[in-house]
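Q: Per Swiss-Prot, the feature region 'Alpha N-terminal domain (alpha-NTD)' maps to 1-223; the stated evidence is sequence analysis. Sequence annotations record features per position, and here Swiss-Prot assigns region 'Alpha C-terminal domain (alpha-CTD)' to 260-331.
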Amino acid sequence: MDQKRPQLKARVEGDYGEFVLEPLTRGYGVTIGNPIRRILMSSIPGTAVTSVYIEDVLHEFSTIPGVKEDVIRIILNLKELVVKFHAPGPKTLTLRAQGEGVVKASAFEVPSDAEIVNPDLTIATLAEDGKLVMEVRVEEGEGYVPADKHATKDRINSIPVDAVFSPVRRVAYHVENTRVGQQTDLDRLILRIWTDGSVGPQEALDRAVEILRDELTVFGNVETVSAAAPELPSVYTPAAPIVSGYDLPRQPELSINPQPYPADLDTPRVTLEGLGLTTRVLHSLKEEGIDSVDALCALSDRDLKKVPGIGERSLDEIKQQLAQFGLALRD
């Protein structure tokens with residue numbers, strides 16, 4: 001029976017998106033969901049603060065007169081700053097605040113080719129005599145980059161900042177059973193994506209699928225891969241022996257020419273449990289004393305239908321599992 005082509009249904013609300021893909025062949029829910037989740041969490045490009053310069057501050061363990069928060073707290077607040085770029089290249093945001101009040105992200109002077117997505121973010125709290133002057137460098141990147149990996153790209157006394165570039169805050173997926181007509185062994189993949197608002201869930205998913213597709217195209221380019229692959233030696237050359245103070249017994253040489261199975265070798269033995277039958281079917285067979293594959297293969301369709309708990313569906317299951325090992329019921 002032809003399986004219906006999978007359909008994608010999407011529901012996006014702001015920075016949250018839910019995507020349902022069905023029907024999928026059994027097992028494909030995890031096969032598709034897991035790599036997409038990993039790519040979403042690690043490889044979607046985004047922006048982050050990479051360094052900050054604060055006037056009269058030499059290091060992150062300083063305090064600023066007239067400012068409630070210390071420098072470490074201010075840096076932690078800046079890590080939550082979400083900036084959306086409309087053009088490539090690093091951006092410098094400038095902030096000058098003085099006098100009592102709460103300093104929000106909206107106080108930053110932002111270049112025309114960028115915008116702050118969360119302007120209500122609290123940066124610091126100033127007292128009446130407080131003053132805060134800073135420059136923040138924002139860059140594009142992927143994944144997580146620790147502060148010590150950032151080279152000093154701007155002014156002296158700037159403080160490097162750990163950067164989490166990924167615009168995807170969280171990804172969750174799970175797989176459910178679904179059906180199409182009489183076919184019930186199908187998967188439904190439900191994928192949930194939360195972003196920081198600089199990139200929408202649909203855009204993030206599209207980018208993840210594009211990355212995965214690009215990585216997999218190498219498997220379709222067989223001719224190029226074959227031409228570029230180095231020629232392997234036709235004779236196995238053992239590695240040089242390890243020199244030590246002990247005389248180790250000589251190990252037998254590895255044969256690189258596997259011997260074929262004897263022509264009269266029987267089909268490999270398999271236990272009844274090894275057939276992969278469902279617990280219910282396995283229990284029904286053993287209740288009737290059918291406890292081996294030999295005993296099972298000695299029965300016909302008619303014989304098995306007489307076993308309590310074995311109907312048409314169970315009979316089909318038994319035949320399918322036997323066929324995987326080249327076995328069959330008695331005619």
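Including glycine, each Cβ sits where the backbone N, Cα and C put it.
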Q: Summarise the model's confidence over the region 'Alpha C-terminal domain (alpha-CTD)' (260-331) as a mean pLDDT value.
A: 77
Q: Tally the residues of the region 'Alpha C-terminal domain (alpha-CTD)' (260-331) by DSSP class, grouping H, G and I as helix, E and B as strand, and everything else as coil.
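A: Counts, helix then strand then coil: 34 helix, 0 strand, 38 coil.
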